[in-house]
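A short worksheet on the structure shown next.
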Amino acid sequence: MTNSGDVVVATDRLTKRYGKGEGTRLAVDAVSLTVRRGEVYGFLGPNGAGKTTTLRMVLGLIRPTSGTATVLGRPAGGPEVTERVGALIEGPGFYPYLSGRDNLRVMARYRGLSSDAAEIALERVDLAKRGNDKFRSYSLGMKQRLGVASALMGDPELIVLDEPTNGLDPAGMQDMRRLIVSLAESGTTIVLSSHLLAEVQEICDRVGVINGGRLLRESTVTELRGGTLLRVRATPPDKALAVAMRIAGDDGVRRIGPVENGRGPVDDVETLVLSLPPAMAPEVARVLIAEGADIHEIALLERSLEEVFFEMTTPVAATPTVPASVPNL
Amino acid sequence: MNAILNSARAELLRLRKWPAVWVTLVAWLLLASLFGYVFNYVAYKTGGSNFASEELGNAQIFAALLPENLPAVLVQGMPMFGGALMMVLGAIAAGNGYAYGSWKTVYTQGPSRSAVTAGSLLALTLFVLGVLLATLALFATYTGLIAATEANTIVWPAFSEVAKSFGAGFLVLEMWMLAGYFLGTVARGPALSVGLGLVWTLVLEMLLRGVGGLLGPVETFTQVLPGTAAGSLVGAIASGDPSAMDTPGVLNVLSGPTAAVSVGIYLVVLALGTMLLIRRRDVA
């Protein structure tokens, strides 16, 4: 055992380089990530970031150029590891001429499970009614669900799902999220790759953000989104700004203009974003009133994972989606 | 061992329910029936000549149809289209899995790649045995019926002769199946491997043997080719039957034992080569 029992997946400077000489391409560059037992780990990155390649190495489907991947305390890809792991990687791969049910039966036989396991899995992803239809006749969403069914057969300790909601309609996505949450509640560790930030934000405990083959950040969703901010709208604007800067400091205030709905500004009251914890809201209100300002709104403002993600993955020179702080007095 | 058996059971299930597998079996039984008995029987009844040779007399054609000749007829079609069909089967069984992405799914189920491959080859080997048994049963029925209606007495061949023929047929079909599986694995797809394999068995070896008649070194080279080994093995079994010896692909270049050893070497090399390739390779 190279890891403590709490670590389910650990990679150490995992690297995959394709090609030789000048045509070489670094798909995964020294990724060191850790997945702990019982958590839902979100592996987040744009298309082509290296998510699938990393997961393939974790599953032992491809060999790393350098670095190591350890799963359940053993080198990735050995039979003693694989039999305790369920996976859906880069789209569901099944025999098109077999029915969904028979496809699962085949996989159950590989795992040494009975046909009952296939039946239970089929029920779990709501495919039992279409179980006798050929795999090739399935919609993309149904194929995806069959892939997840195959991954959860035999109650593995770790389930790796590569873009599991790909091709699902909104209802299907919701069902998939519920299924993942229920698996996590039963104690299964789940690694989930996605380019859908809302999805990761909703169901993951921790996330690893990958772009261009490099792991940019690994932390809890809350940490990643950073501290909460206060949104303050008060008039007159110069008085509000002065108060805000006095409490939050010169660098702690951003002016982002009036609040808009879909059709334009709601009113002409300017919005200030203050880098302050929620507990400071009463203090801000007190001082604003003491200075004779009118308060239109004080609210908590949380950054979405999407905003954080784009900040992280967009080159510095590009315009971030969150307006820059330009206090102009 | 458990992992290999699990893999073989899984592979048997998907092969059993794969229409392409049954198409292969039916195609073989149809062709083998036509070339083994139907054409000769019609030739005999109509007084025409044998499809492969016009020099054979009616008595010889009749002798070929009788039960005593069953060991020769059983294997005569195997070097040519029997082997080709088994190669197609091996190639699609290995190659299609890459196109479907099903090998990737299989390799994440638990058994090691070696166990999966061994199980897959075991399942296909059982299929090859099934093909041989079905052919034997069918041919025994044909020749039994012919003898019952056309001959005065029915003389069945010695069990050892049938067993020898069955064994030779198994070696030949298994070798071509493994060759197909190897090609399917190398090409990671069915189309190229089937194409290359068929060109090899049906065209290239025959052309080389033709050239070999003129050039010594080429002749030596053709003697170590798989088609030569398979054809000679069948030739050794069918040597007493001029009709079978005239079948394309049936040769008498190597002696029976040498041919059997040669086929055996191909079996081992192809199986190990496939195994090594699958173990080492990235599954993308």
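Note: Cβ is positioned from N, Cα and C throughout, glycine not excepted.
Bear in mind that the values here come from a model prediction, so they are computed numbers and not experimental data.
Features of the protein shown, as given by TrEMBL:
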- B:20-39: transmembrane segment (TRANSMEM)
- B:80-100: transmembrane segment (TRANSMEM)
- B:121-145: transmembrane segment (TRANSMEM)
- B:165-184: transmembrane segment (TRANSMEM)
- B:191-208: transmembrane segment (TRANSMEM)
- B:259-278: transmembrane segment (TRANSMEM)
Long-range environment of the transmembrane segment (B:259-278) - Cβ separation under 8 angstroms, sequence gap at least 6: 94, 113-114, 116-118, 121, 168, 171-172, 174-175, 178-179, 181-182, 185-186, 224, 226, 228-230, 232-233, 235-236
Most Cβ pairs under 8 Å with the transmembrane segment (B:20-39), selected from B:80-100, B:121-145, B:165-184, B:191-208: B:121-145
Sequence-remote partners of the transmembrane segment (B:80-100) [C-beta within less than 8 Å, at least six residues beyond its ends]: 15, 20-21, 24, 27-28, 31-32, 106, 120, 124, 127-128, 131, 169, 172-185, 187-191, 193-194, 197-198, 201-202, 227, 230, 247-250, 274
